[in-house]
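K.L.:
Have a look at this one.
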Amino acid sequence: MSNISNKKIHSKTRRKNTFESKDYLGNLLSNKILPLPWSFWPKEGRLIMGLIAFWSISGIFILGSASWWVATREMGEGAYYIKRQLIWLVASWSIFYLAININLKNWLKLSGPCLFIGMVLIASTSFFGSTVNGSTRWLIIGPVQIQPSELIKPFIILQSAKLFGQWERINSEKKIFWLTIFASIVVLIIKQPNLSTAALIGILLWMIALASGINFRYLFNTAISGFFIGATSIFFNAYQQNRVMSFIDPWKDPQGSGYQLIQSLYAIGSGGLFGEGYGLSMQKLQYLPYRSTDFIFAVFAEEFGFFGSILLLLFLLVVAYLTLKISLNCRNNYSKLISIGSGTILVGQSIMHIAVSSGAMPTTGLPFPMISYGGNSLISSLLIAALLVRSSIESSELLIKNPSNRLLAR
């Protein structure tokens, strides 16, 4: 009997040691890979991290359905766009990992120089850019296509948070200088023309300024000025005029400027309540243009229906709620404004994409973050998501209580 008891004790001890060893290895791995052990992350940080991972992985499946037929027809391989997007996804998550391991103070030091580089690249599209569908947004460098107006978004978030976070403590010359830089970037993007991205950046700056506590009267006047700038751009640009007219009455030119919106509405309407099923969209076969990029929501709505679309909107609402919670928990004005700016881009751009696909906004070239095909958009979106996650991590009390933590060394 004693031998049996000893065996049971030894067996339990071995199991306990095994579990402790696994816990030790898990904590060691967590400490090496993550800037803070996972169990110590704020609840909102863990939730937003999980949602971002789910969002980006689900995007591959949605893109796969939207692009398979056209990839088979045009490239001879159904998985052509999926493979390329997976490469960009791995690269983007690598950047995400690096970003969450860098202190926000260091990100703020980088924001100014990176913003100037982005502005120069945007300006260079006027001279060296590639024109697609009436808009010159791309720089082609060898096999790589760069869209500066997409890649500059994270650094606009950082620099605007840096500016408005210390608005009352800086002199007028510095305020005027950075406001002029922001205005120049918006004007350069409008000139491409890319009014949708310019409007999104304008909304971003406005939201960060509002959250910083700037007098609402000034913000109201700024919003009115922005409206007139947008209207002026449309008035002098035939390309944008056609977009607006097709938005007002797409049936006036159903085979021309109104074609995209009409086919998108057909796709959304065909989905009914529960959708046609994954991979079974008919509009993506040969009717709906830009099914993998500007109108990917229409394919989603056709395949998953009204209820699927509602779930997607609820998902975005949860992301917005967590963003607000993270901003409220932030320990300084900078991280609060960075989190608000990050949420504004991720959720705001998604809502604008859905609005375009459903006819609530004029047709624009805004991709759906982490779903639409494109490496520039994916890198920008996941870097912005990393700034949001990092803001949550830095709200942890452990950063103050544990001076040996790697976070403080950066």
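Glycine is no exception: its Cβ is also placed from the backbone N, Cα and C atoms.
Annotation comment: TrEMBL describes 47-70, 86-104, 110-129, 176-192, 198-216, 223-240, 304-324, 336-356, 368-389 as transmembrane segment.
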K.L.:
Can you tell me which parts of the same chain pack against the transmembrane segment (86-104), counting only residues 6+ beyond its ends and a CB-CB cutoff under 8 A?
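P.N.:
33-35, 56, 60, 334-335, 338, 374-375, 378-379, 381-383, 385-387, 389-391, 393-394, 406-408, 410.
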K.L.:
Counting only residues 6+ away from its ends, which parts of the chain sit with a Cβ under 8 Å from the transmembrane segment (368-389)?
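P.N.:
Distal contacts: 45, 48-49, 52, 55-56, 58-59, 62-63, 67, 81, 84-85, 87-89, 91-93, 95-96, 99-100, 104, 107, 145-147, 150-151, 153-154, 157-158, 292-294, 296-297, 300, 323, 326, 338-339, 342-343, 345-346, 349-350, 353-354.
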K.L.:
So what's near the transmembrane segment (110-129) in sequence-distant terms, Cβ-Cβ under 8 Å and 6+ beyond its ends?
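P.N.:
That would be 136-139, 146, 148-149, 151-152, 155-156, 158-159, 162, 181, 184-185, 188-189, 191-192.
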